[in-house]
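**Q** To start, I am sharing the structure in question, which I have written as structure tokens.
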């Protein structure tokens, strides 16, 4: 190996000159400002939007439950999609309250457990806070309840007219979504905002650390894997599962939901305010401030290019992922690969640059 | 001539208080380390909970033994106290060396330079007359008592400490450390929230200053400690340096081990004072009987030669990486056991793919189904871990009924602020590769150059 000792002097000169031209950058990033903007401009507005949509959903479900009708069904379905899209934004922030109430598992575990749903309906007794019900509640369960219980709308309305337990169940599902959303937002508007903003430490348990970890986890485990990887057969001996796509019973919005999720992730990365074109402090700004340059490019630019590539690959997909998987699974695999690249750069390069620990091990280093 | 000087040196004696002091300090520190390890719940977390363990080549048989693993730790803790008190010292230190080393060999996920250091020191302590003074043994068996010990028995501790520091310094003389201030540039920016020093840590020049000061410190601290006139200054530096690293990085007991160990460089009068203080603390009065001043702990030529050989191995072993092609930081062939302390920031992301040889059916593996977060993290950028895990996956899927499972890895590694790149040849069936001391050809080449040691 070409290892020599003599380099020291030349090195010293190089070191000095290289530090001279970048002395503008102090490498310090105002973490409090970052957390404040995340809370006030992104997270709380996202939850407010989600809560508003969950309220409409719950109201429409209650109305439909009271008197099943075509108009009621249409309105409920529209409210369901609106809330489902809003959920794609809040799934990124698994804050302590959301974690405690199982926002992610309880809202979006799919495929829905149809047998379990039917048994809940039949018995009329269930506790939607229990893990056993994760696949029997949330948006996937509503997807089944609104699109899967009959062959056409008339049959679906008939089903509810003749089944009061089912009417109660559909209202309970929506109401549970609303209750969880209410509690999380109430927590933020209560004391949590202050805790969050103050949590700029380096401990794995510090809110800044958790937020970034949750953000990456969302991309890898809540977006890439279930929306693309599992149905496309990547985790199952190559056996594809057209029935394991998100919103399987509606079957023409999995594309829309995925695009929304990736866009939400990109917006959070860039610090883009929710529902606005304004951009504030974010991971992009943080990476730029600490001069995270890779291969002569800002790491933030590398990551944004990967977001573009992932969205482009997803744009190739059919509105129905079930159809896409059946007709040409290779496009699903390509979209997965694009998401994989993005995941690598975020989970590996970004976390390394930010010096944020990936896991929850608190062992010693040396 | 040289032989003459060796003989003279061999028969030079020094105060036994130094070894006694070190024995007590080492024993107590190890006892508290073991207690701390247990209190943190790490025995369960690192050794009992995980279903799979990464083993050292040639030591695959060393594994946690279920609930009895606690016994190994209990033996380790008790033997550390035996060492500290000098009670059945030889038995104590042998038990300590064996139990401690067994613990370290159980899973290389937890490998740390300072654990290796403790194994090395405790191995050498087996052969030193550390129990002839101020010990339960010497009290029990006055014939064992000696006021003096051969000088080489103290010097060898200094040499071992010197190797750690100096080699750690040499390892820092590389272009990543000196030219790019990596990995400190990454690590320090994570601490900018600290009071007082925090605001400075994100500045680039501070990363350079820390890098250079760190290298100079490691290379020269031993010389400051050796010289009587600079010793106190040197020790002050030791304390400041290690406490600073303690604040900035999660490095456990290592700073304290080094601070206490560096006291061995002090004069025997200092060690006598400490021992006298301890004696007074337990109102034992006098430190030593006045009779019996002859050298009981006599020089032993075969032992001295054996220890010299051991030192020689210690000097050469860290350079074994020169026998391997490729970049050391990238391949890590010869990286461990070479005092490369806090030297690189490396992380990986690895996705395994297992394919049935007959049907071609493929599964993607969720590493977290079989590994802890800590194990997965360490596995993702160290080739020997990757290989061992690949074999585990092969066997696992064979048991699940797959025909001769092929194991492929899609693996990315980022090193010292470089963009992550493909690490393992994705077309190589790792199930068919075997662990050995030979170079691993399936590691993809490093597309950059790091010059230096």
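Cβ from N, Cα, C; glycine included.
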**Q** Which one of B:136-154, B:155-173, B:174-192 shows up in TrEMBL as transmembrane segment?
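**A** The listed stretch tagged transmembrane segment in TrEMBL is B:155-173.
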**Q** Select from B:282-302, B:303-323, B:324-344 the stretch of residues annotated by TrEMBL as transmembrane segment.
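**A** Range annotated as transmembrane segment by TrEMBL: B:303-323.
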**Q** Can you tell me which of B:115-134, B:155-173, B:205-226, B:233-266, B:303-323 gets the most C-beta pairs within less than 8 Å of the transmembrane segment (B:20-39)?
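**A** Of the candidates B:115-134, B:155-173, B:205-226, B:233-266, B:303-323, B:233-266 scores highest.
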**Q** Which of B:67-87, B:155-173, B:205-226, B:233-266, B:303-323 has the most Cβ pairs closer than 8 Å to the transmembrane segment (B:115-134)?
**A** B:155-173
**Q** Is the count of Cβ pairs under 8 Å between the transmembrane segment (B:233-266) and the transmembrane segment (B:155-173), pairs 6 or more apart in sequence, 3 or more?
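**A** Answer yes, regions in contact.
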**Q** Looking at the domain 'HTTM-like' (B:11-270) alone, can you tell me the average pLDDT?
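**A** Mean pLDDT for the domain 'HTTM-like' (B:11-270): 94.
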**Q** Same chain only, please: residues at least 6 beyond the ends of the transmembrane segment (B:303-323) with a C-beta under 8 Å from a C-beta of the stretch. Say none if there are none.
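**A** That would be 10, 120, 123-124, 127, 150, 152, 156, 159-160, 163, 167, 333-335, 337-339.
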